[in-house]
Amino acid sequence: MADTAHINDVPMQGKGLYSSHAALQHEAMLKALPLLQQATNTVVTNVNRNLRPLTVVEYGSAHGNNSIQPMVTILDSTPPGDIQLVFSDRPENDFNTLSTTVTTWAEGLDKAKFPHSIFPAMIPRSFYRQVVPSRSADLGFSLAALHHLDHVPKSQDGVDHQALLKRQAHLDLLQFLKLRADEIVPGGSLVLSFVSQSSSGRENYAGLVDACRNAMIDMVKDGTLPGAVAGSFYVPTYNRTLQDVQKVIEEVIPTWIAHEVFEQDCLHPAKKDLELQKSSDDYDSDEASRRYADVVVDWLMAVCAGYFLKAVKVGSDNTFTGEDAEKFLADWVKRTKHFFYKDHRDEDVVCSFIFVRLERV
């Protein structure tokens, strides 16, 4: 594999595609709102800003669709005054969509309810680097992003690849917390949520993963997709366990106080919609099941599609055009929906998340 293949430089799908298919992330975000409220109360109580603006940084904003409610929750618990809201993501992110999302929201705020003077900013930088100046932030948060690794560790003879990913995930989270400790003032807070391994042993959205895998195998078997492309497809994530996270926190205890660290499952809301449809008079089970398959597969593809397009380039040494790659992708999506409907009809799409609330000492 070429060195460029190890770099995690693939953004979520742009032009609003990711933001249109981030419903499960939205469910996880809602579960993080009480932590953000508590974190904001801690900041308001602990931090003497000396007339400087309150600064809030989001690490991994994507298109901003799941950034707004957290920011509203923070504003709700913050006294009137100047507040800087920083939205950050990798340089490859679709910042045009993010800008539209943030600007539309900020300009439409009810000034009677939110008399704050709001100063939005966007920073194109990975959260595995320092994002804002040292001791300039009061509150930080990152939702549904930290399971994405900085890069894919290169294979080592005699070392299990999962062990390499586990080590990389440990180093990444440790680096993330050390960087945020530089940026966030003493008394400040940090709230995190990210995809995790369920302590029950249940695999996250197993049916979807199986359908994706079978669809790609099907494309290779019938000669549609080169095997080298399928072999190059990889999503550089690692789902940590609670124990993994606690080990990292133990290493930063002199700098951070951990107030809450817990695991919780999130169900894709399309399943609730499906159950509601079953009670309607004009319920068509086949149509409803196909629509459910469309929604949950589109959700997963909003994250995976960019990595698939990268695999087409890497696995073919750039012999395919962008149009070719998009055709491969459309075929893969179509087949994945077919396999999910056939083999996992109406199956729950559940994902485990870890939630963390930290205070900067």
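Note: Cβ is positioned from N, Cα and C throughout, glycine not excepted.
Quick look at what Swiss-Prot annotates:
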- TYR18, ASN66, ASP89, SER126, PHE127: S-adenosyl-L-homocysteine binding site (BINDING)
- GLN156, PHE233: Mg(2+) binding site (BINDING)
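According to DSSP, ASP89 (S-adenosyl-L-homocysteine binding site) sits within a strand segment. Within the group of binding-site residues (ASN66, SER126), the Cβ with the highest number of other Cβ atoms inside 10 Å belongs to ASN66. Between the CA atoms of SER126 (S-adenosyl-L-homocysteine binding site) and PHE233 (Mg(2+) binding site) there is a gap of 22 Å, rounded to the nearest whole number. The Cβ neighbour count for PHE233 (Mg(2+) binding site), using a 10 Å radius and every protein chain shown, is 20. In this structure the C-alpha atoms belonging to GLN156 (Mg(2+) binding site) and ASP89 (S-adenosyl-L-homocysteine binding site) are separated by 30 Å.
Taking a C-beta cut-off of under 8 Å and a sequence gap of six or more, PHE127 (S-adenosyl-L-homocysteine binding site) has these contacts in its own chain: TYR59, GLY60, SER88, SER142, ALA145, LEU146, PHE176, LEU179. Every protein chain considered, the tally of other Cβ atoms within 10 Å of the Cβ of GLN156 (Mg(2+) binding site) stands at 10. Here PHE233 (Mg(2+) binding site) is positioned 27 angstrom away from ASN66 (S-adenosyl-L-homocysteine binding site), judged by their C-alpha atoms.
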